[in-house]
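In TrEMBL this protein carries:
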COMPBIAS  1-15  compositional bias 'Pro residues'
COMPBIAS  16-31  compositional bias 'Low complexity'
COMPBIAS  32-44  compositional bias 'Pro residues'
COMPBIAS  45-54  compositional bias 'Basic and acidic residues'
DOMAIN    54-152  domain 'Fibronectin type-III'
DOMAIN    253-348  domain 'Fibronectin type-III'
DOMAIN    366-450  domain 'Ig-like'
REGION    1-65  region 'Disordered'
Amino acid sequence: PAAEEPPAPTEPAPTPTEAGAEATPAPEEGSPAPPAEPPASKPEPQPEKPKEEPPSSPLSLAVEEVSENSFTLTWKAPEHTGKAGLDGYVVEICKDGSSDWKAVNQEPFLSTRYTIPNLSSGDKIHVRVTAVGASGSSTPATLEQPVLIREILQLPKIRMPRHLRETYVRRVGDAVNIMIPFQGKPQPEVIWTKGEQPLDASRINIRNTARDTIFYIRQAQRGDSGQYQLSVRINGAEDKAILDIQVVEPPGPPQNLKLMDVWGFNVALEWTPPVDNGNAEIKGYRVQKSDKKSGKWFTVLERCTRTSCTISDLIIGNTYSFRVFSENSCGLSDSAAVAAGVAHIEKTKTTYQPEKIPQRDMMEPPKFTQPLTDRTTTRGYSTHLFCSVRGFPQPKIIWLKNQMEIREDPKYIAMIEQGVCSLEIRKPSPFDGGVYTCKAVNALGEASVDCRLDVK
């Protein structure tokens, strides 16, 4: 204090009685200069101190365990600890309804886990943790909800079944009945939400027991799709899980199917995707043709992933119509897009010039131009197998089932018309399933094609 007083009065300092004797040698020896230096050195550290910010708040404060008379907290170190680092943490508690905060540790400690003992069962305790450093204390990190002091014999844990960890897919109109087990003692609180909102009780029924929760929808609609959040809580301890439900239905038909071009034995088609995909990704398109003579539809392409295609090997003289179905994981669309126009495969006009056209040997062994395709049918509903063959002289057609020739059996009707071979199987049973073979034989050789028929 004696050193601080002289710089303030400067020149009037020699006038006091007690300091008069001491002040006379001071101006001679230049003593006023030294007291001026210390004040100059003291203000320098003062502006530096405000630059040292206190630590930031501790992170992720949570309750790890609760017992009958204590509970354990965990947290993470703050993002910013200051230049001097942390001295430790101070934990404070306050009973619910009171504003009297009390520190539970006398000295700061560096552990990020702390057990608060000697509490009364049934009390609700608010908790906050402050980070303390040389530059000051942080803003406290506070638990949002008070901790109820009662014994947790088993922490809450949701045991999500394996098939529910991925998207759970159901068809429109199907029932959704899901049971999700969990554990925890005492009885946990079970909370279901969708988009952080309570569930619609008029559509979704939730039933909880001590060991599981049941999620039930009588008839699923597409609006029931989405992510549902399940939370199981005991006091401050909590476990969460996500249930992702997708309700699908068959897609709508493709749009704007057009017959773009006809040349030779070929036809080009184009279309656009359906307006409604049935709440599921479109896997492809099924393209079918029908000739005017038979009026029957035949599949020429399955799971076509593009929105255009070329159909080849059409028969001269026939007039064809075309249609396209869209398909998703639920199945084919209920209706098809039908092309407005028809394609007539005309015979190429030629001028007969016998002197220029050498004689050709028209004989050729049988060759299948359209193979059999695997089919699935329903018991009791007649089905047809089709393929196309060419050869000269006209080959003899033999049908076999599982390598056994089909002879005069009233269950089967075999026909051949303009090279198109058909086998009608009347009202099949599961016994009629198997591998069917169409064999064509003439004097120059033979050929065969196979397919599998499944009867469900």
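Glycine residues also receive a Cβ, built from the backbone N, Cα and C atoms like all the rest.
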>> Just to be sure I understand, if DSSP states are collapsed into helix, strand and coil, how many residues of the domain 'Fibronectin type-III' (253-348) fall in each?
In response: 0 helix, 52 strand, 44 coil
>> Using DSSP, what is the helix/strand/coil residue split across the domain 'Ig-like' (366-450)?
In response: 3 helix, 53 strand, 29 coil
> With DSSP, how much of the domain 'Fibronectin type-III' (54-152) is helix, how much strand and how much coil, in residues?
Replying inline: 0 helix, 47 strand, 52 coil
> Taking all residues of the domain 'Fibronectin type-III' (54-152) together, what is their mean pLDDT?
Replying inline: 86
